[in-house]
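K.L.:
Annotations per TrEMBL:
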type	residues	note
COMPBIAS	343-355	compositional bias 'Pro residues'
DOMAIN	27-95	domain 'Ig-like'
DOMAIN	112-219	domain 'Fibronectin type-III'
DOMAIN	220-317	domain 'Fibronectin type-III'
REGION	309-359	region 'Disordered'
SIGNAL	1-22	signal peptide
TRANSMEM	366-391	transmembrane segment
Amino acid sequence: MSSSCSGLSRVLVAVAAALVSASSPCPQAWGPPGVQYGQLGRALMLCCPGVTAGAPVSWFRDGETRLLQGPASGLGPKLVLARAESTDEGTYTCRTLDGALRGMVTLRLGYPPARPVVSCRAADYENFSCTWSPSQVSGLPTRYLTSYRKKTVPGADGQRMSPSTGPWPCLQDPPGAARCIVHGAEFWSQYRINVTEVNPLGASTRLLDVSLQSILRPDPPQGLRVESVPGYPRRLRASWTYPASWPRQPHFLLKFRLQYRPAQHPAWSTVEPAGLEEVITDAVAGLPHVVRVSARDFLDAGTWSSWSPEAWGTPSTEPLPKEIPVGDQQHTQTEEEPQADSPAPPKPSLLPDPQPLDHRDPLEQVAVLASLGIFSFLGLVAGALALGLWLRLRPDEKDGPQKSGLLAPMISVDKLPGVPNL
C-alpha cells in the first residue's frame with residue numbers, strides 16, 4: 001500500500017514538474033537576491049543557485065535533516081512543489097552529492113496583481129492628482145507604473161476621439177507613494193490615466209478617463225473666524241479666506257456654503273453667502289455656536305469641497321453702543337442698566353401735550369396730496385361724462401305734446417274763473 005502511495009506521489013510530482021517546466025523553467029529574479037516567489041495553490045519550482053543545468057542535488061528545509069527531494073528524482077537542480085501552501089514558505093537549501101552546500105533559496109507566496117482602484121481629483125483648474133489602492137492584497141512586494149495621455153476631439157462635430165497624445169509619466173510625489181500629480185492640465189480637455197500594478201507574479205492595468213471640470217473639488221476654505229457683534233445678542237459674524245491651493249483669477253471664482261448650529265442642537269442651518277463673510281442673524285442668545293464652511297466652483301463644476309475645520313463663537317451679551325455728539329466729535333456711550341443705588345429716571349408726565357404730534361415725513365405728505373388731487377380730477381371727469389351722456393339721451397320737448405304726468409294740474413289754467421283769455 002505504501003509503495004503504491006509513493007508511486008502515485010512520484011507521478012504527481014512528475015506531472016507538476018512537466019507543467020512547471022513547460023511554462024517557466026526557472027522563475028526570474030524579482031527583488032532581493034536569493035528570494036523566489038510563487039502563487040498560493042499552484043505548482044511551482046525552486047532553482048538551486050550556482051548549479052549547472054542537469055546537476056543532481058538534494059533539497060532540505062533550512063534547519064531540518066529530512067530530505068525533500070533526492071538526486072534520483074531526475075529533476076537536477078530544481079525542486080518542484082505540486083501545490084504550494086502557506087506552510088511551504090521559508091528557506092530551502094540545496095546540496096551536491098558530496099553533501100556540500102550549494103545555495104539557499106527563500107520562498108515567499110502570494111497572489112498575482114489585480115486591477116487597482118483609481119480615483120482622481122482636481123484641487124484647482126490647472127492641476128489634478130490621482131490616487132489608487134489595490135483591489136486585492138497580493139502579499140508580495142508591489143510597485144505601480146503611472147502615466148497619462150491627453151485626448152482631443154477633432155473637427156467641429158466631435159463624434160470621434162482622435163488618437164491620444166503622449167503618454168507622459170504621471171509623477172509620483174514622493175516616489176513610491178500611492179499618488180501621482182499632473183501639472184499644467186487644460187480645464188476643457190480629457191485625459192486617460194494608466195495605473196499598472198506590478199508584482200513578481202505579473203501585472204494588471206487600470207485605465208480611467210477623466211475631465212478636469214468633472215473631478216474639480218477645491219480644498220476647504222481657510223482661516224474661518226467667528227466673532228460676536230456688540231449689542232446684538234442674536235448675531236454672529238463669520239469670515240474666511242480662499243484655500244491657498246486655489247489661484248485667484250477673476251474668471252475662476254468660488255462660491256461658499258456655510259453651516260451653523262448651537263452647541264446643544266444636532267441640526268445644522270445652511271446659508272450660501274455672497275462673499276467671504278456672513279452675518280448670522282438668528283443665533284440663540286447666550287449659547288456657543290459651531291460654524292463650518294465649504295467651497296465650490298461658482299459655475300457648479302465638480303463638487304463641493306469637504307468642510308473646513310469647525311470654529312466656535314458666542315453672541316454678545318453687551319448692550320448696544322450709543323453715539324452722542326460732543327462738540328465736533330462723536331462720543332460713544334454705552335447704554336447701561338440703572339444700578340440699584342442710582343436714582344431712578346424721571347417718569348413720563350400724564351398731562352396732555354399741547355403741541356400736536358406730527359411725525360409724518362414731508363415726502364409722505366406730498367404723496368398724499370398728489371393722490372387726493374388725482375382722485376378729485378378723476379371724479380370731475382366721471383361726473384362730466386355722466387352729465388353729457390344724460391343730456392344726449394334726454395327726450396326733446398319740441399318733438400310732440402307733453403304728456404300729462406303725475407304732477408300735471410287736474411284743471412287747465414285757462415278754465416279757471418277770473419283768468420282772462422290771452
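Every residue, even glycine, has its Cβ placed from backbone N, Cα and C.
What TrEMBL says about a protein is an automatic prediction, not a curated fact.
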K.L.:
Taking all residues of the domain 'Fibronectin type-III' (220-317) together, what is their mean pLDDT?
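P.N.:
Taking every residue of the domain 'Fibronectin type-III' (220-317) together, the mean pLDDT is 94.
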K.L.:
For the domain 'Fibronectin type-III' (112-219), how many residues does DSSP put in helix, in strand and in coil?
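P.N.:
Its residues divide into 0 helix, 53 strand, 55 coil.
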K.L.:
When DSSP states are grouped into helix, strand and coil, how many residues of the domain 'Fibronectin type-III' (220-317) land in each?
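P.N.:
Per-class counts: 0 helix, 43 strand, 55 coil.
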